[in-house]
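Written out below as structure tokens is the structure these notes cover.
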Amino acid sequence: MPGGGPQGAPAAAGGGGVSHRAGSRDCLPPAACFRRRRLARRPGYMRSSTGPGIGFLSPAVGTLFRFPGGVSGEESHHSESRARQCGLDSRGLLVRSPVSKSAAAPTVTSVRGTSAHFGIQLRGGTRLPDRLSWPCGPGSAGWQQEFAAMDSSETLDASWEAACSDGARRVRAAGSLPSAELSSNSCSPGCGPEVPPTPPGSHSAFTSSFSFIRLSLGSAGERGEAEGCPPSREAESHCQSPQEMGAKAASLDGPHEDPRCLSRPFSLLATRVSADLAQAARNSSRPERDMHSLPDMDPGSSSSLDPSLAGCGGDGSSGSGDAHSWDTLLRKWEPVLRDCLLRNRRQMEVISLRLKLQKLQEDAVENDDYDKAETLQQRLEDLEQEKISLHFQLPSRQPALSSFLGHLAAQVQAALRRGATQQASGDDTHTPLRMEPRLLEPTAQDSLHVSITRRDWLLQEKQQLQKEIEALQARMFVLEAKDQQLRREIEEQEQQLQWQGCDLTPLVGQLSLGQLQEVSKALQDTLASAGQIPFHAEPPETIRSLQERIKSLNLSLKEITTKVCMSEKFCSTLRKKVNDIETQLPALLEAKMHAISGNHFWTAKDLTEEIRSLTSEREGLEGLLSKLLVLSSRNVKKLGSVKEDYNRLRREVEHQETAYETSVKENTMKYMETLKNKLCSCKCPLLGKVWEADLEACRLLIQSLQLQEARGSLSVEDERQMDDLEGAAPPIPPRLHSEDKRKTPLKVLEEWKTHLIPSLHCAGGEQKEESYILSAELGEKCEDIGKKLLYLEDQLHTAIHSHDEDLIQSLRRELQMVKETLQAMILQLQPAKEAGEREAAASCMTAGVHEAQA
């Protein structure tokens, strides 16, 4: 195998390469030798034709080098070892290379699922420029002529070193030549002397002498030696029209010819170059890699969307790719829309079920089935908690989807601005816009920086507000409101940051300028209309304040009602004691008279002291009873005023809720009309799906409002019917049932009195006195029972309207006590009535006998 040259220079092409170099060294002056030594340390593309040649590599070394997504270390090591066997140092080609790593990085494009073949694919009628190739034979005159035509400032008798130095300076100035083009300077064995010389007419393909893009796309010279690889897509996009780019992509995707002559081995690159290229490929931005790799991708090996960015971007190279991207977005957001609609339907079901349970509860209370009413109340409370957690919300106003739609609107606005620029430059507005993500990257980076700064500032502000809340309790409500506002802003900023990495440019780029304008206007109209519908979990502030006042009044009603009940109990106890004392006093007076008539003066003295103590006790109890009655009357008046305030606030809340529901209904109807008009001319599949979900949510909201209105109208109609009945029968008191209950013991007392009167006339004085005391006691008890029944009836109405279960249970116990008292009185009256009738009959019979005897 031929030996290698100094500093890792490759061996000569043939066996006479060494002698030729030796002869050249002897013939050249010392200055030329010095230049030769200096040139030997230069990169390959800057060396002259008299310098050490580059040996041919074996076919094993020329194997295609593949790396899917990165450089393979095993293949790099294999290529490096084979290169050293041929006398090549893989690191020698990169010594003092004027091309930086950043310049080499964009040339490497990795496509997932495909293998990148590094090599030159020769096209028909093209050749690589001889300026950057090593002459392998004596036919270098054409190359010198082309070099003279390319750079008129250089003379034909200039040395190769000066020419190459000038070329190196131009490479440094341009800064866009890929490193692979500068460092790969080997010739394949199969395309050496066998390749015929290219005719001179092929030189006319170059239109620009200094375009490195044009030079890198040329074909090999007489020996077919190629230096470089296709230029970066960024350089081509600035110098070629879209038609030329399409033709070039088609030629790249065409069938390959002889792989030995048309593919360049990449095994001469060292591990350091591989690492640099891999690092640069990792550091490059994802949109740039995607845009660069799209023209080089095989039709059958197109990469799919990244699962982490599903719905955020796609391949905009064809209509099928566009539909695939929209389908991905639809698959991502359809579950969100479905969940929102399910929550709306569930809330409507909860509202309907609550109305039915309330009706059943009212029926149970009317039928005195309080156990059923208690069970229904528990179910109603559970439904109320579920209603609070489930609130109506437009799918398009859902936080994540609303943020995404805002991001889409921003992308559409950016595309519109670019389309306006293209329209001003005379481009066709109906053709899809070819977007360049690199132009939008600075704006995205700036907005990202601003959002992060804004979020940090908001977080600091929130912490400061928390400290102020702890220090200043007096300003708690104001600071909490501000804290809520900042929290919402933080959530909005975080939602905006969520879409910073989501590039919709490929999708937006598929729409024409007219379609972009329609989508932008539709987004603005629908977002503005949806913002007018107050889809919140709780009503407005005015209604909430009134509801809080009603709650406080309800608590006051409970407290006052409890006080009135306690005072009534105390009054009843005091009356009972006073009645007992009044029952004992006549008996003590009679006993005192008998003691005095029987000359039992010590007994009469004791009875007098007993009568005096009972009298003083009765006076004290009567004073206390009068005070309790005054206090009870005050509480009753206060209870009446609180009930009036409660009813007034209830009416005001109902009025506010009616107005609020009316406004919501009107705004919802307007939004539904807007959605129906937009759906007819919608060009965006995602927006069409979102608007359909919004339309369904609006229909559910209208149905729930109609259910509530129907329930309210039924309640109003029932109240009107009750008022009509009361107005049609004025002699009948409003509380007829309670009056009947109140009159029942009085009727019993009157009947007892009517039956008792004859017996009183016939009986003696002692019987008359006992009957009088009994009748007075029973009359007072009946009067107390009547008052108690009236009070219980008022409390029962209050409990029914306020759904106060505690008060209902208390009233149940009170009614049970009244029933027991009435039953005891009836049992007490029956024996007295029978005894009085028997005594009256006996006395009458005795009187008749005496008269007959007389």
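Every residue gets a Cβ built from N, Cα and C, even glycine.
Marked as compositional bias 'Gly residues' by Swiss-Prot: 1-18. The region 'Interaction with MAP1A' feature in Swiss-Prot is assigned to 1-292; the stated evidence is experimental evidence. If you look up Swiss-Prot, you'll see 197-203 marked as motif 'Interaction with FBXW7', on the strength of experimental evidence. Residues or ranges marked as compositional bias 'Basic and acidic residues' in Swiss-Prot: 285-295. As annotated by Swiss-Prot, region 'Interaction with TRAF3IP1' applies to 293-696. For 296-309, the entry in Swiss-Prot reads compositional bias 'Low complexity'. According to Swiss-Prot, the coiled coil annotation covers 366-394, 452-505, 602-666, 802-830. Sequence annotations record features per position, and here Swiss-Prot assigns ubiquitin cross-link to Lys372 based on experimental evidence. The region 'Interaction with ATF4 and ATF5' feature in Swiss-Prot is assigned to 598-854. Taken from Swiss-Prot, the feature region 'Interaction with NDEL1' covers 802-835.
Within its own chain, the coiled coil (802-830) has Cβ neighbours under 8 Å at 361, 365, 370, 373-374, 377, 380, 554, 557-558, 561, 565, 744-745, 748, 752, 778, 781-782, 785, 788-789, 792, 795-796, counting only residues six or more beyond its boundaries.
Sequence-distant contacts of the coiled coil (366-394) (same chain, at least 6 residues past either end, Cβ-Cβ under 8 Å): 340, 343-344, 346-347, 350-351, 353-354, 357-358, 360, 530, 533, 535-538, 694, 697-698, 700-701, 704, 803, 805, 808-809, 812.
The average pLDDT for the region 'Interaction with TRAF3IP1' (293-696) in the predicted structure is 79. Contacts of Lys372 (ubiquitin cross-link) defined by a Cβ separation under 8 A and a same-chain sequence distance of 6+ are given as Leu360, Gln361, Ala364, in order along the sequence.
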